[in-house]
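Chemist: The structure under discussion is supplied below as structure tokens; questions concerning it will follow.
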Amino acid sequence: MCGIWALFGSDDCLSVQCLSAMKIAHRGPDAFRFENVNGYTNCCFGFHRLAVVDPLFGMQPIRVRKYPYLWLCYNGEIYNHKALQQRFEFEYQTNVDGEIILHLYDKGGIEKTICMLDGVFAFILLDTANKKVFLGRDTYGVRPLFKAMTEDGFLAVCSEAKGLVSLKHSTTPFLKVEPFLPGHYEVLDLKPNGKVASVEMVKYHHCTDEPLHAIYDSVEKLFPGFDLETVKNNLRILFDNAIKKRLMTDRRIGCLLSGGLDSSLVAASLLKQLKEAQVQYPLQTFAIGMEDSPDLLAARKVANYIGSEHHEVLFNSEEGIQALDEVIFSLETYDITTVRASVGMYLISKYIRKNTDSVVIFSGEGSDELTQGYIYFHKAPSPEKAEEESERLLKELYLFDVLRADRTTAAHGLELRVPFLDHRFSSYYLSLPPDMRIPKNGIEKHLLRETFEDCNLLPKEILWRPKEAFSDGITSVKNSWFKILQDYVEHQVDDEMMSAASQKFPFNTPKTKEGYFYRQIFERHYPGRADWLTHYWMPKWINATDPSARTLTHYKSAAKA
């Protein structure tokens with residue numbers, strides 16, 4: 001996890017513009033660099049480094065002697081870089097995984113390059129010989145990327161929007177900043193004056209497609225057919241491989257552990273893989289909650305069962321409320337469920353950075369979207385509609401859960417790894433017949449639970465524990481986090497303010513006092529940027545008025561059982 005930043009065709013002083021890049025310094029606390037592009041006085045790269053691989057030669061922009069005309073600034077991890085290096089007999093100058101991008105590009109061009117990458121990434125690639133700039137982002141947008149571009153060809157790119165909003169340009173007082181779409185790459189022409197012109201934006205991969213790099217994978221051979229035992233066996237193979245490939249790091253590995261199915265499966269599988277790799281330190285797991293939190297109790301059971309070095313972080317409602325301003329600034333969103341869920345993740349990331357030496361942190365993000373884990377999937381009209389909803393959620397991950405996971409950890413200089421969003425695992429899961437993936441017997445993620453039932457990875461009560469949203473599970477059932485927040489904002493936002501909400505916030509007008517309160521904080525940090533959030537996250541098919549799972553009928557009936 002790093003912070004990348006670049007300008008092309010700036011008409012303001014670069015030394016002044018570069019101050020904006022310091023707003024993402026948290027993403028790379030180990031080192032930083034600014035570098036002007038040879039022959040272009042108005043183009044430069046900025047880079048903040050979190051040293052995870054090759055601490056000696058890993059600074060960016062990456063340039064190698066063989067390709068003096070190529071400049072690469074990227075944030076991410078390319079898990080198959082060694083396999084590709086060996087396959088094509090590339091001669092590396094560094095041990096940095098991102099160097100593979102330069103070699104692949106020289107060999108086959110940008111489309112073949114990006115389709116061959118197994119990993120998570122956001123990159124800026126400059127080819128001064130052919131006068132081209134390329135931007136690219138991974139399938140699910142696990143690594144963030146934002147851009148601003150003017151009609152006259154000024155281009156600014158950054159890992160987070162906050163690194164772009166204060167940039168100056170002569171043609172506009174207000175730069176339009178927008179997220180770069182996941183699963184896409186863009187080709188731009190570089191003009192002699194340093195400005196650019198967009199040539200094409202290409203969607204190179206859809207989440208349901210098996211990735212091109214699969215033909216070079218070293219995964220065990222998968223078995224054909226969709227009978228249950230075959231599918232379960234294939235899922236176990238792919239999940240183990242998703243964990244194993246993500247062990248690539250020179251820093252200590254830890255794992256977030258809520259005690260729910262997803263994080264527990266990741267933690268148990270991760271610990272098994274670390275033992276097999278003969279890693280010489282215990283796995284640290286981390287749980288957070290208030291007193292009487294069901295998550296804390298469940299996480300403790302898992303940690304005791306798998307034998308991790310477990311850390312519990314307690315916080316109270318006052319600490320959670322006080323963190324809201326920092327959280328919304330870090331997130332760059334005002335989405336209600338995202339803000340709620342981010343507080344606990346932000347506070348535990350702060351604890352990890354301050355009190356441990358774990359830097360690479362595994363987590364269970366992406367499973368709910370992929371495996372139909374949200375409780376409202378019980379109300380899906382048909383397996384096909386559930387499949388459509390699952391794919392929609394995956395496409396929008398970069399606006400919600402993936403955004404939350406990246407920003408809350410990156411704010412404290414941590415790198416998050418999410419094996420459920422592995423290309424091979426997710427594309428295989430999405431290829432299964434729709435009726436295999438729906439909730440069964442009143443239990444969501446039934447197939448995933450069945451897959452690991454006989455593996456002794458987890459206690460049965462954890463493997464079959466009902467879904468509990470992270471923002472709910474950190475507090476007791478009697479005093480949910482969403483209720484604590486709603487009670488607090490009741491005294492911060494009055495009825496008169498709500499009646500004028502549509503005039504003050506005509507776009508995405510908040511419907512609740514909680515939403516109004518978050519929007520106020522967001523506008524204070526990012527005035528006029530409300531369109532970064534296209535819509536609020538809400539459950540489907542159930543006419544919900546609040547995104548909390550604890551407001552749903554299915555949850556209430558399950559809680560009484």
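Note: Cβ is positioned from N, Cα and C throughout, glycine not excepted.
Residues or ranges marked as L-glutamine binding site by Swiss-Prot on the basis of similarity to another entry: Arg49, Leu50, Ala51, Val52, Val53, Asn75, Gly76, Glu77, Asp97. Look at Swiss-Prot and you will find 2-191 tagged as domain 'Glutamine amidotransferase type-2', backed by sequence analysis. Residues or ranges marked as domain 'Asparagine synthetase' in Swiss-Prot: 213-536. Residues annotated as N6-acetyllysine in Swiss-Prot, with similarity to another entry given as evidence: Lys385. If you look up Swiss-Prot, you'll see Thr545 marked as phosphothreonine. Annotation source Swiss-Prot lists phosphoserine at Ser557, citing similarity to another entry. Annotation source Swiss-Prot lists site 'Important for beta-aspartyl-AMP intermediate formation' at Glu365.
Please go over these features one by one and say how buried each is and what sits next to it.
Modeler: Residue environment of Arg49 (L-glutamine binding site) contains 21 other Cβ atoms, counted within 10 Å of its Cβ in all protein chains.
When averaged over the domain 'Asparagine synthetase' (213-536), pLDDT in the model lands at 95.
Under the DSSP three-state reduction, Lys385 (N6-acetyllysine) is assigned to helix.
In this view, Thr545 (phosphothreonine) is surrounded by 10 other Cβ atoms within 10 Å of its Cβ, with every protein chain counted.
DSSP gives Glu365 (site 'Important for beta-aspartyl-AMP intermediate formation') a coil state; it is part of no helix or strand. Cβ environment of Glu365 (site 'Important for beta-aspartyl-AMP intermediate formation'): Asp262, Asp401, Val402, Ala405, Leu416, Val418, Phe420, Leu421 lie under 8 Å away, each six or more residues apart in the same chain.
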Chemist: Among the binding-site residues listed here (Ala51, Val53, Gly76, Asp97), which has the Cα closest to the Cα of Lys385 (N6-acetyllysine)?
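Modeler: Looking at Cα distances from Lys385 (N6-acetyllysine), the smallest one goes to Gly76.
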Chemist: Compute the centroid of the Cβ atoms of Arg49, Leu50, Ala51, Val52, Val53, Asn75, Gly76, Glu77, Asp97, then list the same-chain residues not in that set whose Cβ lies within 8 Å of it, in sequence order, for the L-glutamine site.
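Modeler: Going along the sequence, the neighbours appear as Met1, Cys2, Gly58, Val96, Gly98, Glu415.
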Chemist: Long-range same-chain neighbours of Val53 (L-glutamine binding site), Cβ under 8 Å, sequence gap at least 6?
Modeler: Glu77, Asn95, Val96, Asp97, Met248, Thr249, Asp250
Chemist: Among Arg49, Leu50, Ala51, Val52, Val53, Asn75, Gly76, Glu77, Asp97, listed as contacts of L-glutamine, what is the widest Cα spread in Å, to the nearest whole number?
Modeler: 14
Chemist: State the Cα to Cα distance, in Å, between Thr545 (phosphothreonine) and Arg49 (L-glutamine binding site), rounded to an integer.
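Modeler: Cα-Cα, rounded: 42 Å.
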